[in-house]
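K.L.:
Sending over a structure as structure tokens; questions will come in a sec.
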């Protein structure tokens with residue numbers, strides 16, 4: 001997904017100004033000349049400057065193209081479906097992994113994606129199970145990472 | 001250091017226990033480093049519980065071997081999938097990937113492993129011979145020098161990674177902005193936290209890196225814009241894992257020497273660490289090259305220089321850590337903690353009280369880098385199977401590791417959310433031709449830059465000329481100004497010349 005340089009530049013100018021503006025709200029330390037707002041203010045102004053440069057470049061090179069170009073996904077419905085699943089699945093993981101357990105989340109996330117990506121069913125089932133269980137035991141048992149086990153208490 | 005001390009230290013290092021630990025740690029480092037998004041720092045942090053049960057020398061040997069192997073193995077997904085394993089390998093990931101796209105994946109990985117090992121040995125030698133001298137020189141540095149050094153690294157990354165300076169600079173600013181999120185270290189004031197408690201500690205670096213380099217790359221791969229690298233034939237590409245490496249060394253010996261020297265010098269500066277070295281080395285290689293136009297198209301020169309500096313910096317980052325107890329980077333900070341746990345306080349006294357142990361620790365760097373070659377050879381052989389695995393199986397597998405790797409840093413799902421947001425932002429940025437690597441470097445070096453900037457401003461009482469008041473600071477400052485001004489002057493000169501022609 002690409003944006004027209006003018007739209008992009010303008011958005012970045014606004015973002016930079018917003019950062020510099022918000023930085024002014026950071027409380028300063030009494031007696032300190034250079035407080036915690038100095039660096040973010042400079043960064044925000046630099047961002048706005050970069051945005052302005054991109055905007056000016058866009059105005060000079062305006063060729064009447066679309067303001068937002070999504071042609072990269074057009075005609076690739078399966079790829080788009082995979083991308084949506086990849087993003088939505090992580091969102092589901094953020095919300096439900098602590099309850100669902102990592103192994104259940106991992107398999108229900110990886111297996112449909114593998115099938116969507118045209119992997120053969122049997123290898124997909126085997127690989128998704130092996131990968132998730134290896135990741136679970138390697139991190140939980142060897143590296144002491146407390147991955148959620150949810151209802152799968154027998155896994156330890 | 002006497003000859004007797006060296007022999008005693010060598011005897012300690014060559015004990016079977018140490019050798020086995022180095023071997024296992026190398027394999028572990030290889031496993032973690034080769035998985036995109038899992039970094040050397042994370043591998044080291046996760047190793048720490050195991051080092052509780054080890055003596056000081058094998059404990060430090062394990063950390064060193066893991067880090068060296070993970071960083072080197074990070075070049076493998078960099079070359080094959082354009083996903084760097086570490087911030088340092090991000091400096092030359094485009095170059096390695098471009099070589100892969102030319103059907104020279106083996107050469108890209110072979111160069112990475114051999115020159116990492118050679119650079120690491122060079123760095124170990126520097127650490128062994130001239131550690132006190134280098135540390136003494138960097139001890140004289142003040143916040144002015146550190147500020148300029150950090151800025152030099154950041155600007156180099158922003159200008160090297162793209163031909164559009166405004167985009168590179170914006171990416172860098174985004175990284176700097178993210179680094180300011182959380183409680184300000186000096187004043188304790190929250191910045192850009194918007195009341196979210198999880199943000200008070202700042203935006204976690206590793207989930208951000210996993211999101212920006214792994215998740216975004218996988219999303220890009222799912223679109224039609226992705227160009228799938230050709231799967232090379234076994235015989236043609238992986239028949240000899242190190243074919244072409246010697247030839248590359250003969251063509252570019254100065255790149256190796258310059259990269260190793262630069263890496264050793266920069267890595268030895270307290271608080272700077274080795275990551276910066278790879279970026280500066282790559283930038284320098286381009287500047288000094290007779291064929292700068294070939295950079296970014298799969299050129300060996302920059303790869304050699306940056307790989308060498310990478311591991312050389314890794315070794316020499318231990319100079320201030322061991323001699324003065326000042327960590328050069330996150331890994332040495334962890335290692336210092338381990339030494340304290342073992343009752344060994346890093347500092348000049350340690351060289352006097354226990355020179356054998358300290359020399360043995362230094363010799364483990366040489367050992368770990370020597371192990372890189374055979375294990376790296378196996379890594380390249382194994383990499384063939386990564387290419388042979390159907391994409392439909394490998395992409396979801398990497399995504400699962402992205403999730404678990406993000407979670408493992410702070411054991412919270414909030415870091416998975418950071419990974420997701422970072423991935424989406426990076427996807428949009430890359431689609432709109434913004435480089436990603438400067439964001440990560442800005443995020444890592446942001447606190448260093450800000451701390452030294454504020455300190456310098458206070459010392460100079462707001463007078464910017466104060467930043468040039470010390471000779472080394474003035475030299476670095478002029479160099480930074482030249483990096484900013486020269487491209488602008490060139491651009492102006494080109495514009496002025498155009499109407500005439």
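Indices start at 1 and increase along the chain as displayed.
Yeah, the Cβs are placed from backbone N, Cα and C, and that goes for glycine too.
Model, not experiment: these values are computed from the prediction.
As annotated by TrEMBL, domain 'DUF112' applies to B:19-441. What TrEMBL lists as transmembrane segment is B:6-24, B:59-81, B:107-134, B:146-162, B:169-187, B:199-219, B:317-340, B:360-380, B:387-407, B:413-429, B:436-460, B:472-493 (among others).
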K.L.:
Considering every residue in the domain 'DUF112' (B:19-441), what is the mean pLDDT value?
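P.N.:
Taking every residue in the domain 'DUF112' (B:19-441) and averaging pLDDT yields 77.
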K.L.:
I'm a bit unsure how to read this: which one of B:169-187, B:413-429, B:472-493 has the highest number of Cβ pairs shorter than 8 Å with the transmembrane segment (B:199-219)?
P.N.:
B:413-429
K.L.:
Would you kindly list the residues that approach the transmembrane segment (B:413-429) from elsewhere in its chain, counting only those six or more residues past its ends and only Cβ-Cβ distances under 8 Å?
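P.N.:
Residues 171, 198, 203-204, 206-216, 219-220, 402-403, 406-407, 436, 439 contact the transmembrane segment (B:413-429) from elsewhere in the chain.
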K.L.:
So which of B:6-24, B:107-134, B:436-460 has the most C-beta pairs under 8 Å when paired with the transmembrane segment (B:169-187)?
P.N.:
B:436-460
